[in-house]
């Protein structure tokens with residue numbers, strides 16, 4: 001079994017991604033052919049469930065873009081279901097310390113290395129037991145990425161990086177900036193300093209640093225610092241801003257206004 005995304009991170013090849021929040025297999029397939037290295041199927045803030053994640057995995061499968069799935073929480077039951085429908089790479093949100101990082105890894109591994117329940121006869125991941133030796137090879141194909149999104153997590157970064165089985169650490173700029181007292185302003189100098197220091201520390205530990213940043217200059221800056229998986233946009237934002245720009249060119253006025261948001 002192979003995991004092309006995990007292999008790319010191990011080889012130190014930067015991977016450029018797009019965030020998927022439309023929770024729709026049709027739009028997922030549309031962007032799967034756009035040329036991104038990876039696509040994040042968001043189960044934390046988008047209206048996804050196991051079934052919608054499954055259909056998006058199926059839609060993306062024929063294309064070179066690699067799927068990454070974010071569960072809503074570091075929950076072994078939910079993680080088990082996502083792995084069974086075919087997710088190999090998980091982005092686990094709001095990991096605060098090494099114990100929680102170890103829990104995330106354990107949820108992705110079959111015993112004795114972890115606690116993943118065995119149900120391969122029912123699982124798309126094993127192609128319903130048509131993949132020879134799936135139960136013995138699946139553990140090595142798993143890619144576990146954990147999110148650090150608070151000052152507490154930042155203070156525990158060194159111990160998180162020591163956890164065996166963690167392939168990458170993703171910095172969540174939106175929640176981090178809020179936790180630092182700068183909600184909606186991840187570009188604040190204090191937040192940027194924390195992000196940049198974390199990227200350097202993660203890379204120095206031999207793990208892959210990751211982040212979501214739609215600001216092109218900042219995204220390129222993070223890549224220069226050593227970030228290896230960087231999402232540079234969100235499908236909902238692309239659709240909303242693109243639709244607004246098209247309408248504006250023909251004289252339409254925006255009916256709603258509000259905060260510009262982080263992405």
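Placement of Cβ uses the backbone N, Cα and C atoms for every residue, glycine included.
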Point to revise | Candidate from 88, 96, 147 that Swiss-Prot assigns to the same substrate site as 174, 175 | key: 147
Study note, to complete from the structure: residue 149 (divalent metal cation binding site), Cβ-centred 10 Å count of other Cβ atoms over all protein chains shown, is 22
Practice item. Using Cβ-Cβ distances, find the residues under 8 Å from residue 147 (substrate binding site) that belong to the same chain and are at least 6 apart in sequence, listing them in sequence order. Key: 91, 92, 93, 94, 95, 153, 169, 170, 171, 172
Check your understanding: Taking Cα atoms as reference points, which of the recorded positions 45, 174, 175 is nearest to residue 70 (site 'Transition state stabilizer')?
Key -> 45
